[in-house]
Ligand code: ATP
């Protein structure tokens with residue numbers, strides 16, 4: 001397959017503001033993609049070479065990429081740098097310079113997807129002495145053969161700035177339509193949910209058809225997408241849904257899925273990134289205390305104060321999100337692991353078993369120690385007993401409880417009513433903060449001139465795979481935040497509204513949905529200008545957050561599709577109406 005066919009797809013996607021067109025373009029290209037490269041096509045389209053959990057990052061420094069461009073075009077580095085400064089995007093800069101140059105001298109080759117992938121893969125993998133020179137050489141060779149428009153995407157990919165903003169779910173939808181028909185979407189999605197590897201799913205589907213997809217199981221080394229919880233506001237309401245429930249403390253830390261294969265431990269975050277390096281202490285605990293040779297277990301990792309044994313808030317763990325100095329951070333901010341689920345033990349995929357059975361197996365498969373133990377739990381259908389348990393959770397530094405149906409299997413990737421969280425309510429009418437994605441910005445005035453005055457933010461509509469706006473967030477940002485925001489968001493800047501963003505408001509700057517932050521407001525209101533749940537509660541109105549404040553939680557652990565869902569907002573709105581009526 002020729003690389004230019006992919007590039008044509010990217011150009012078409014970049015030019016449209018219609019989401020359905022994106023899927024249609026994808027289907028057309030996937031249909032004509034041969035089985036041996038379809039995995040690569042899927043990864044490249046998402047700006048990657050491997051699924052996220054493989055931890056292979058494609059982030060060549062811009063400076064290095066510019067040196068390669070200078071070598072490929074024979075232009076002095078200063079000129080190449082100037083072009084980047086004036087265009088603001090390394091892809092466009094490369095395209096322009098090559099266009100001018102190629103007319104004069106350089107020749108082009110017909111690049112295949114495989115050729116481009118192999119060179120990018122080599123660049124990502126070279127390490128050690130002389131690696132910089134070798135990377136620059138490999139990239140300049142590729143650029144010299146590329147058409148200008150191909151160079152645009154090669155440069156964006158190699159510097160980690162591809163950002164077409166195509167969600168996994170959009171690709172799954174396109175795969176289903178291309179190979180198996182729309183109705184097969186659920187089975188394909190399940191396979192993906194169990195292994196989180198879109199390329200692998202595409203390959204299997206293309207070569208073995210839907211029968212191959214039906215044979216998928218969880219596997220160590222490949223994270224399963226995590227099962228998520230809904231929320232309700234009282235134990236009573238939850239019991240009405242679940243009946244007798246397994247009630248567990250809701251720890252305020254980081255969700256971790258631990259994979260053990262012999263002595264090898266890998267750990268994955270809520271976003272399925274490989275975070276093994278961040279928690280060497282937890283890896284040690286898992287190696288010593290999981291008795292099974294092969295296992296996938298899940299739990300919450302919590303920072304603790306070693307002097308008092310008290311649990312510390314989630315934010316403390318963010319000290320672990322760094323490349324260097326982890327051992328020191330682990331000493332300063334030690335963590336404990338509280339386990340609540342098991343997906344695989346030895347050769348048994350447990351995901352279809354009930355939670356009661358999984359917990360029994362989990363209990364038998366680990367050795368409990370001070371830092372590695374089962375989550376506190378209680379099985380009950382008594383509201384008073386659950387409320388007392390809730391209070392003990394809060395006293396110990398937890399956020400509340402998660403009540404779970406004992407009869408349900410592990411529904412990878414689903415936010416169903418089988419797990420329901422119960423958190424402490426606040427006095428204000430909007431009782432819980434929500435996670436929103438930054439999709440646009442309005443320029444600031446006065447003290448804020450030169451930076452952003454407010455951010456246009458959205459929630460996620462998973463039904464339609466779009467990001468409707470819910471509010472403009474301007475308060476709660478420190479001076480330092482305001483100073484840093486333009487730079488932080490610049491990699492995601494777009495000239496027009498992203499095709500998956502729904503907005504009636506015009507922003508001064510638009511962004512590919514990527515950065516997630518937490519906000520809380522005074523209340524949810526109906527608004528004619530915001531698109532969240534538009535026409536759902538009232539005709540010509542959506543739901544908006546009034547007086548939103550940034551809570552200073554940067555949700556780096558969340559992908560844009562993990563932002564609060566429109567359905568949750570509708571539920572919160574209805575619950576608010578009920579509270580007001582009471
Ligand atoms: P979510 O993960 O549901 O998208 P969120 O990150 O905003 O949302 P919360 O609303 O705080 O999280 O609640 C869910 C999270 O609670 C889980 O993802 C997990 O990290 C954490 N958690 C803590 N204790 C438990 C438990 N006993 N069982 C399941 N999850 C737990």
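The count begins at 1 with the first shown residue.
Every residue gets a Cβ built from N, Cα and C, even glycine.
The structure displayed is predicted, hence computed values, not measured ones.
In TrEMBL this protein carries:
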type: ACT_SITE; residues: 250; note: active site, N6-AMP-lysine intermediate
type: BINDING; residues: 248, 255, 270, 300, 340, 415, 421; note: ATP binding site
type: DOMAIN; residues: 328-461; note: domain 'ATP-dependent DNA ligase family profile'
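Feature annotations (TrEMBL) mapped to structure.
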| residue | record | contacts (Cβ under 8 Å, 6+ apart) |
| --- | --- | --- |
| 248 | ATP binding site | 340, 375, 376, 377, 378, 401, 402, 403, 404 |
| 250 | active site, N6-AMP-lysine intermediate | 393, 398, 399, 400, 401, 402, 421, 422, 423 |
| 255 | ATP binding site | 226, 269, 270, 298, 299, 300, 301 |
| 415 | ATP binding site | 228, 229, 230, 565 |
I'd like the Cβ neighbour count for residue 270 (ATP binding site), meaning other Cβ atoms within 10 Å of its Cβ, all protein chains included. 19
PLDDT averaged over the residues of the domain 'ATP-dependent DNA ligase family profile' (328-461): 91
According to DSSP, how is the domain 'ATP-dependent DNA ligase family profile' (328-461) divided among helix, strand and coil residues? 32 helix, 56 strand, 46 coil
Number of other Cβ atoms within 10 Å of the Cβ of residue 340 (ATP binding site) across all protein chains: 25
248, 255, 270, 300, 340, 415, 421 bind ATP per the record; greatest CA separation between any two, in Å, is 19
Return one of helix, strand or coil for residue 270 (ATP binding site), based on DSSP. coil
